[in-house]
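Only one structure is covered here, and it is reproduced in the block below.
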Amino acid sequence: MSTQRLRNEDYHDYSSTDVSPDESPSEGLNNFSSSGSYQRFGESNSTTWFQTLIHLLKSNIGTGLLGLPLAVKNAGILMGPLSLLVMGIVAVHCMGILVKCAHHFCHRLNKSFVDYGDTVMYGLESSPSSWLRNHAHWGRHIVDFFLIVTQLGFCCVYFVFLAENFKQVIEAANATTNDCHSNETVILTPTMDSRLYMLTFLPFLVLLVFIRNLRVLSVFSLLANVSMLVSLVMIYQFIVQRIPDPSRLPLVASWKTYPLFFGTAIFAFEGIGMVLPLENKMKDPRKFPLILYVGMAIITALYISLGSLGYLQFGANIQGSITLNLPNCWLYQSVKLLYSFGIFFTYALQFYVPAEIIVPFFVSRVPEHCELVVDLFVRTMLVCLTCILAVLIPRLDLVISLVGSVSSSALALIIPPLLEITTYYSEGMSPLTITKDALISILGFVGFVVGTYEALYELMQPSDTPIFINSTSAFL
């Protein structure tokens, strides 16, 4: 099976973090590609506006959301929410740029669908610079590279998240009660290092990624979505109760920690890879811009509310995931386990994108009777790679910030504005638009450099993670 065939069938319509529970992503694309027209209506397995909105919302609920309270701490109780609002506006604007440029090339080249990488490649081919035109194919490779780094980075985060949450539940098991409102400080019973928990999960995740059928994975996706939704409701139910006095929380945090906020926030907002596949599956794609703006407004409000309320509730002791601050009673311990259950199965969905880019490269170079063995071997090595990286960087907050700064900033902030310039410059652009695009790209690049540096610097410092947790409030 050739690399090109695999990518045409699967990858182009699955450069995202989600899969529909009702169909494999490749089916919508295959039916659509045969239509020969960009505007298509009433296809039997296309999605309605409501289904598209749900897919957009649920694909943005993950570990990045749970890390936002710590991000707000790194920015300040006033600066954090304001920065999240600005970042949400800029992120959705960049998503709109990508959709607009994709539409432009669909009409111009008479193509039914182009994905993120193709759009960047065609954008470079439209550039007035001959050097960029001659090296346009690198646009596709650059997007693939950052997409691989982002998705494998998500998988690294999942290893750390699973290890930290299971470690806390197990170590506090002897003192876990049915009373969720007692003001008791729980002393954790040491068991084993979190790295050993990661190694414990390794064989199970290897077996999980051996599932290559998207229809089977979509069942796990549905289970993961339900479990994480229930967990989020329980988290909100707790953090809105008895909020402590916020007067001693800083309005604006130290500038040294702000780059960590940037990395975590852009990690949460990095959903740009799924925009074109979702739009491609719609019955009426002309409604997608409205759905995109409404959906991202809901997501931004969710991010701001959870980040702010979580920081207000737990203050300076907020941890890399808000689940680690929940009370030591069986109700909220079950929330940690339930969310971990969802994250475990989401690993396979996040892993699918880099696997469909990397695995065919090796499979296409071996005899046909060896294809399955090579396929499974490469998948195993990729899972082991994410585990090794997680073991080397076992701090959840810094893993999230590092992945966000390195790759998410490129896909969500740096590339789309530059794409708009290369696409439309030869057709005439206003100086204001060029200035706006340049400022957004510069903002993303500065965040990339400073955020990466600060995350790496923090990784070199000794960890001062406390050995106890409080059952209700971090202020005690």
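Just so it is clear, glycine is given a Cβ too, placed from its N, Cα and C backbone atoms.
If you look up TrEMBL, you'll see 1-15 marked as compositional bias 'Basic and acidic residues'. Among the features that TrEMBL reports, domain 'Amino acid transporter transmembrane' is placed at 46-455. Annotated region 'Disordered' per TrEMBL: 1-30, in sequence order. Residues annotated as transmembrane segment in TrEMBL: 75-99, 142-161, 194-211, 218-239, 259-278, 290-312, 337-364, 376-393, 399-419, 439-456.
Highest Cβ contact count with the transmembrane segment (142-161) among the listed stretches 75-99, 194-211, 290-312, 399-419, 439-456 falls to 399-419 (criterion: pairs under 8 Å).
Contact between the transmembrane segment (259-278) and the transmembrane segment (399-419) is present: at least three CB pairs lie under 8 Å, with pairs separated by 6 or more positions in sequence. Here the transmembrane segment (337-364) sits against the transmembrane segment (218-239); at least 3 CB pairs are under 8 Å, leaving out pairs fewer than 6 apart in sequence. A Cβ distance under 8 Å defines the sequence-distant neighbours of the transmembrane segment (290-312), meaning residues of its chain 6+ beyond its ends; these are 49, 52-53, 56-57, 60, 65-66, 68-73, 77, 80-81, 84-85, 88-89, 91-92, 95-96, 99, 235-236, 239-240, 243-244, 246, 249, 265, 268-269, 275, 279, 318, 322, 325. Put simply, of 75-99, 194-211, 439-456, the stretch with the most CB pairs closer than 8 A to the transmembrane segment (376-393) is 194-211.
Counting same-chain residues at least six beyond the ends of the transmembrane segment (75-99), those with a Cβ under 8 angstroms from any Cβ of the stretch are 68, 116, 119, 246, 249-253, 257-258, 261, 265-266, 269, 271-272, 275-276, 279, 288-289, 292-293, 296-297, 299-300, 303-304, 307-308, 311-312, 412-413, 416-417, 419-420, 440, 443.
Outside the transmembrane segment (194-211), and at least 6 residues removed from its termini, the chain residues within Cβ reach (under 8 Å) are 159-160, 162-164, 166-167, 217, 220, 344-345, 347-348, 351, 355, 376, 379-380, 382-384, 387, 390-391, 394.
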